[in-house]
Every structure is written in C-alpha cells, then in structure tokens.
Amino acid sequence: MQFTTTTLIAILSALAVASPIEPRQNATAQQERLCTSAIDTAMCCQTTLAGVINQTCTTPAITPINKQAFRAYCAAQGQDSSCCKTPLVGDGVICTPP
C-alpha cells in the first residue's frame, strides 16, 4: 500500500512538472520577445562592419514592449536596433537585425 501511494505521488508529480503552462491573457500589454534567440541580447549599436560585427553597442535604458518601440528608441539615440551575441574572444559583438 505504501509503495502504491508513493508511486502514484511520483507519477503525478512528474506529470505536473512536465505539463506546459500557458501564460494567461489579460488586458495589460505583454512584452514581445525582441530577439528570436534566447542567447541574443537586445542592444542599440552604432558602428557596423559588414552588417554583422558591431563595436559600439549599449543596452536600452528602457525595456521596449515590442520590436517597433525598440527600433524607435534606438533610432532616437542615433543608433540601429540589433540582437547581439558577445563572442568568447575579441572586442567585437556579433549582431543581427531583430
């Protein structure tokens, strides 16, 4: 009996952990993912070499709620909106458009 109860609790716990939970939709604005990759960082960049390597990048001082707001914020700073990965070696940052 104890083995059955323990096994049942273990199975139900595993199911609860494995089931995805969808975020609730409500009237407030939800933040859109600015970059497609989870390892990218949304940054405003100034100098671009071949459209890929950026030297002067900063993170936005605000948190834009969508890509249009992100582009507008960076444009107001005189920079381009980019999704960047910091390389392990070197000074440059590898970036792509959002």
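Cβ from N, Cα, C; glycine included.
Worth saying up front: this structure is predicted, and the values here are computed from it rather than measured.
Here Swiss-Prot flags Cys35-Cys83, Cys44-Cys74, Cys45-Cys57, Cys84-Cys95 as disulfide bond, drawing on similarity to another entry. For Asn26, Asn54, the entry in Swiss-Prot reads N-linked glycosylation site. The feature signal peptide is assigned by Swiss-Prot to 1-18, with sequence analysis given as support.
Overlay of Swiss-Prot annotations on the structure.
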| residue | record | DSSP (3 states) |
| --- | --- | --- |
| Cys35 | disulfide bond | coil |
| Cys44 | disulfide bond | strand |
| Cys57 | disulfide bond | strand |
| Cys74 | disulfide bond | helix |
| Cys83 | disulfide bond | strand |
| Cys95 | disulfide bond | strand |
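Comparing Cys74 (disulfide bond) with Cys45 (disulfide bond), their Cα atoms are 8 Å apart once rounded. Among the disulfide-bonded residues listed here, namely Cys44, Cys45, Cys57, Cys84, Cys84 has its C-alpha nearest to that of Cys35 (disulfide bond). Long-range Cβ neighbours of Cys83 (disulfide bond) (same chain, at least 6 residues apart, Cβ-Cβ under 8 Å): Leu34, Cys35, Thr36, Ser37, Asp40, Thr41, Ala42, Met43, Cys95, Thr96, Pro97, Pro98.
For the pair Cys45 (disulfide bond) and Cys84 (disulfide bond), the Cα-Cα distance reads 9 Å.
For the pair formed by Cys57 (disulfide bond) and Cys44 (disulfide bond), distance between Cα atoms is given as 5 Å, rounded to the nearest Å. Once Cβ contacts within 10 Å are tallied over all protein chains shown, the disulfide-bonded residues Cys35, Cys45, Cys57, Cys95 are led by Cys95. Taking Cβ-Cβ distances under 8 Å and a sequence gap of 6 or more within the same chain, the neighbours of Cys44 (disulfide bond) are Cys57, Thr58, Thr59, Pro60, Tyr73, Cys74, Gln77, Gln79, Asp80, Ser81, Ser82.
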